[in-house]
Amino acid sequence: MGTIKLHNKHFKKYISAKKIKIAIDKMASLVAKDCKDEVPIFIGILNGSFMFAADFVRAYNGNCEMSFVKLASYSGTDSTGNVKQLVGLNENLEGRTVIILEDIIDTGTTLEEIYNIFRHQKLKQLKIATLFFKPDVFRKELHIDYIGLSIPDKFIVGYGLDYNGLGRNLADIYQLTTHKMTNIVLFGPPGAGKGTQADVLKDKYNLVHISTGDVFRYNIKNQTDLGKLAKSFMDKGDLVPDEVTIDMLKAEVEKNPDANGFIFDGFPRTESQAKALDAFLEEKGQSINGMVALEVAEDLLVARLLKRGETSGRSDDQDESKIRNRFNEYETKTSILKNYYADQNKYFGVDGVGNIEEITERLSSVFDTL
Ligand code: AMP
């Protein structure tokens with residue numbers, strides 16, 4: 001899954017486990033080269049470095065020792081209040097090459113404490129290896145010997161790093177999502193002009209347009225399993241079953257992890273689709289901003305669809321009884337969604353009769369407020 005929720009915050013995938021492995025393998029071979037015949041003692045700083053340390057030593061080709069310490073705060077009696085000490089260091093380090101394994105170095109405060117503590121240990125040498133480094137926020141004049149990946153100042157979790165205790169077990173690195181998407185349901189009966197308008201509005205507002213009808217038609221054309229399944233329903237003008245449609249919609253959204261938002265065209269069409277969409281977006285810390293509906297009388301639409309059927313090649317546009325069935329599906333299953341969104345103050349009706357530009361103008365004046 002592309003996004004996860006930890007406590008009340010949402011995170012999206014940022015650095016893959018594969019990329020992390022490549023960085024660690026590179027570090028391990030660099031360190032091994034520098035150590036030559038020396039047997040270094042690696043010291044991982046808990047808790048965050050446990051995964052990194054395990055994978056690092058696995059990739060390290062040569063003899064080495066491995067230990068872990070924890071930096072713990074205790075309230076000192078001196079005026080600085082907060083003094084750090086090391087817990088868990090039992091080895092005699094005199095004369096040894098010590099290489100600290102840190103999961104991440106940002107401001108450098110922890111690193112400075114480590115330097116201060118190890119300064120008194122009569123080491124042969126002290127080296128620092130960090131998997132992640134945030135150069136933009138590093139404030140110290142301290143040397144870092146090995147860096148896995150330099151990253152911008154983003155809050156990250158996973159691969160040992162946590163957000164309030166959670167997320168350490170994730171194999172990939174995730175970053176906090178901060179941007180709010182604009183998600184609009186473009187609504188209206190068949191033939192209302194949703195596809196035509198979505199095409200214009202997606203560029204104007206830099207949104208991704210997802211038309212479930214188009215996705216089904218694409219699958220039919222390519223004779224996929226999904227297409228074969230959808231075809232029997234579509235040919236009659238029936239709705240494709242919710243389970244199929246909802247999963248397909250989710251997959252389409254997941255294909256666009258960096259979208260500013262979506263124009264949903266032809267989805268949701270049933271109340272259970274609307275609820276599934278809400279739940280799915282909520283998992284991502286997102287929501288529907290509004291349903292914008294093109295309102296056009298049915299009689300006008302039948303004529304429009306028959307006309308479109310002359311050129312579109314769509315079998316469901318060519319036969320009046322199929323068209324009537326689509327309206328029936330709309331009236332019985334879909335039009336109730338107006339209330340679903342109106343109850344949340346998210347329904348915006350727009351007159352869908354007129355030329356394309358006029359209608360785009362009307363829709364834009366609603367989009368601008370969302
Ligand atoms: P459209 O291009 O939006 O008019 O959709 C054409 C056909 O695709 C519909 O008549 C349905 O058979 C199927 N379809 C499209 N979207 C959905 C949906 N959200 N739920 C169920 N069936 C759908």
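In case you wondered, yes, glycine gets a Cβ from its N, Cα and C as well.
Whatever TrEMBL says is automated annotation, not expert-curated.
It should be emphasised that the depicted structure is a prediction, and the values quoted were computed from it without experimental measurement.
Taken verbatim from TrEMBL:
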BINDING   G191, A192, G193, K194, G195, T196, R308, G354  ATP binding site
BINDING   T212, R217, D238, L239, V240, G266, F267, P268, R269, Q273, R314, R326  AMP binding site
DOMAIN    17-163  domain 'Phosphoribosyltransferase'
REGION    211-240  region 'NMP'
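The structure, with features from TrEMBL marked on it.
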residue : record           : Cβ contacts under 8 Å, 6 or more apart
A192    : ATP binding site : L294, E295, V296, L301, G352
G193    : ATP binding site : L294, V296, G352, I356, I359
K194    : ATP binding site : L186, F187, G188, S211, D265, G266, L294
G195    : ATP binding site : S211, G213, D214, D265
T196    : ATP binding site : I356
T212    : AMP binding site : T245, M248, L249, D265, G266, F267, R269
D238    : AMP binding site : N325, E329
V240    : AMP binding site : F216, L229, A230, F233, M234
G354    : ATP binding site : R362
Inset, instruction - Six or more residues out from either end of the region 'NMP' (211-240), which same-chain residues have a Cβ under 8 Å from its Cβ atoms? - result: 194-195, 198, 248-249, 252, 265-267, 269-270, 314-316, 322-326, 329, 333
Inset, instruction - Rank the binding-site residues F267, R269, R314 by the number of other Cβ atoms within 10 Å of each Cβ, and give the residue at the low end. - result: R314
Legend entry - Segment confidence, the domain 'Phosphoribosyltransferase' (17-163), expressed as mean pLDDT: 91
Inset, instruction - Using the structure shown, find which entry in G191, R308 (the binding-site residues) has the sparsest Cβ neighbourhood within 10 Å. - result: R308
Inset, instruction - Measure from the CA atom of R314 (AMP binding site) to the CA atom of R308 (ATP binding site) and give the result in Å, rounded to a whole number. - result: 8
Inset, instruction - For R314 (AMP binding site) and G191 (ATP binding site), determine the Cα separation and express it in whole Å. - result: 12
Inset, instruction - Return the members of A192, G193, K194, T212, V240, R269 (the binding-site residues) with CB less than 6 angstroms from at least one atom of ligand 1, or none. - result: T212, V240, R269
